[in-house]
Amino acid sequence: MSNSNSGKVRVAVVYGGRSSEHSVSCVSAGAIMAHLDPEKYDVIPVGITVDGAWVVGETDPQKLTLIDRTMPEVEHHEEVRPSLDPAHRGEFHFSDGSLYATADVIFPVLHGRFGEDGTVQGLFALSDIPVVGPGVLASAAGMDKEYTKKLMAAEGLPVGREVILRDRTELTEAEKNLLGLPVFVKPARGGSSIGISRVTAWEDFNKAVGLARAHDEKVIVESEIVGSEVECGVLQYPDGRIVASVPALLSGTESGAGGFYDFDTKYLDNVVTAEIPAPLDEKTTELIQSLAVESFQALACEGLARVDFFVTANGPVLNEINTMPGFTPISMYPQMFTASGVAYEELLDVLVQQALHRDN
């Protein structure tokens, strides 16, 4: 599979990006680079700065870690460009046209817009280079909460109530009655709980819409769902098998400043705990795993996804799907598969091999 002199597969780890999840992407990339088997893989780091410049990436994974609550960023180095020509697939060139490196496969560790939303997947599809994770359609649909829910609902999967705001800031009285209080106001295309507000009084609604709209012109307003927060990973093997991890139960998510699982609570404050496997009865566990796989298939995902649920008194309700979940040391996706018997290094190996063996 490799044309490298070492005989190893060359993996371009692309990270950073223009989204508000830039720093999380950097930490995920550092963990991935540290865990890719050096006997099988050569890592080619490619960073994308917050203003969108593609640059030679950091070679030391330790520099892409969370240190004293300080999140890393891609620094400006010598710029590189990916080739879009299938005759030169996998090549990255410096500004003067000279070759930086040639990759056999791309691992786009990009969270949020301009990376997890199908844009980068489409870019690399132009040159026929294998890419880890879902393709253009699944990535775009998974990034947009409106269309995620529409596709899930069309497949008969359980989703909550929501209203979409495109060019308005107010809800009608009928919509307020439909949703009730509290509601969550979110950017329709975002992640890591950035730009999200929990609204308990309608007089605070406009401010919440303004915050969400700072990250996305389209806003989704969701009814609060009372239940336990449970996550489940999905992994596709090179032979096409799709498996679900043991689920994880999150506790302490309400301790964020806004009363929910916000960015600081996820990555900085160290107050959320996860029970893996989740202490659920066998029937509920199997149902969550089944729904996770069905969600993966409903969006035509490939490779991987993390599916988030609320487990209510009436059963599980799908919250969202992440087509490139976090790979940080505290991220649920690798932890859930480790608890399922798939170690971090093996997980990465499966993902890279799945990308190389699929029909691109």
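Just so it is clear, glycine is given a Cβ too, placed from its N, Cα and C backbone atoms.
Computed from a predicted structure; not experimentally measured.
Per Swiss-Prot, ATP binding site is recorded for 176-231. For the recorded site, L211 (ATP binding site), the DSSP three-state label reads helix. Taking a C-beta cut-off of under 8 Å and a sequence gap of six or more, L211 (ATP binding site) has these contacts in its own chain: V185, G195, S197.
When other Cβ atoms within 10 Å of the Cβ of E320 (Mg(2+) 1 binding site) are tallied across all protein chains shown, the result is 19. Annotation comment: Swiss-Prot describes D308, E320 as Mg(2+) 1 binding site.
Under the DSSP three-state reduction, E320 (Mg(2+) 1 binding site) is assigned to strand. Marked as Mg(2+) 2 binding site by Swiss-Prot on the basis of sequence analysis: E320, N322.
The domain 'ATP-grasp' annotation in Swiss-Prot covers 149-353.
Distance from the CA of V183 (ATP binding site) to the CA of N322 (Mg(2+) 2 binding site) is 21 Å. According to DSSP, V183 (ATP binding site) is assigned to a strand segment. Within its own chain, G190 (ATP binding site) has S19, S20, E21, G112, R113, I196, H215, D216 as residues 6 or more apart in sequence whose C-beta sits under 8 angstroms from its own. Secondary structure at K218 (ATP binding site), taken from DSSP and collapsed to helix, strand or coil, is coil. The DSSP secondary structure for G190 (ATP binding site) is coil. A separation of roughly 27 Å, to the nearest angstrom, links the Cα atoms of D308 (Mg(2+) 1 binding site) and D204 (ATP binding site).
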